[in-house]
């Protein structure tokens, strides 16, 4: 058994490597001596790694202590910030107002937040932002109803009253109110002779299913029932998920391009173009399935600037190269940048969590004891809020309806702190493809 103590192993090597001549028969062989040396080298390497890790941790602690001491003035600083109110028509998350504690805000459906969604208590006793408030959303302000439809406001929703000949939740579809294109008046397919019988000197007539009796007695005719028009009226259930086409005595449902009709003949299902046998995207790009279509993406890392550069470690992630020891600005840039793509239907019910950001510590290493989440970029910040769901997780929440087709981008940030000292931050760039349909 080889001693585990480095000192004991070293003494053993000295004794056994150079014995007295008369005891040479008890010496270690060359192979045994080399094996013992290798074990000692491995042991020293492990000790060196643990020592370096301890030094790094001690430096971090000393830097945090230096920062906290430097902030202390001659007078005692406040240990808490003023109380914050819950916004009218909104909610507040967080009841502690001590230094470095966070408070988050969100609004009820039908309202949007004006002001910061999160604030942090600073050591000087002030918050990082003003008290936010909730403002009512006018769902009709974007004029969502098409083709002369009238918009009616609702709570976090709207309703379109369509003019004759139009249908759909935004009056975007043309209702089939007459015979198909190419037919002529009196087409026998849409008007048929009734079946009549003489009963007790009176004539009784009836029509096949899907037709109704029209006209005066003795001159009646069976006219087609336009189910698409009948069930397209306000308050009646929809016959079709997408578009309804009237047919003689019945109807059929159609789906838009990029969708297939399911076995029930009414529902539509998106076709995933990205799983076909033949690739649809050029080499070097990745196919992202969207509602009724697809996108070919190839995200790129930020260009290098000065002593800051990034390397692509996977198709959807970039990592920052190590920073020079004296470069403080470099360390405050994102350590990792990841890319994410989501496909959503129009008019998705809100609020709903779309994306989740979290951290986990490597085994044997001290992880961050404080995380801060926020929205740091994008083209539609007002549609989203970033809210902490637990100590290690932040949720990106959609709080306003999205009307397609459109593409939204939002950048979310997670910053790590150890004993109030900044360690690193990570950015996730989320791209959202909104389809023109609500299915």
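For all residues, glycine too, the Cβ spot is worked out from N, Cα and C.
Swiss-Prot assigns the feature coiled coil to one of the listed ranges (28-53, 54-79), namely 28-53. Mapped onto three states, the DSSP output places residue 160 (disulfide bond) in strand. Summed and averaged per residue, pLDDT over the domain 'EGF-like 3' (270-319) gives 90. The Cα atom of residue 240 (disulfide bond) lies nearest to that of 268, taking the recorded positions 171, 268, 307 as the candidates. Highest local Cβ density among the disulfide-bonded residues 145, 274 belongs to 145, counted as other Cβ atoms within 10 Å over all protein chains shown. Only 281, from the disulfide-bonded residues 81, 140, 171, 281, 301, place their Cα within 10 Å of the Cα belonging to residue 274 (disulfide bond).
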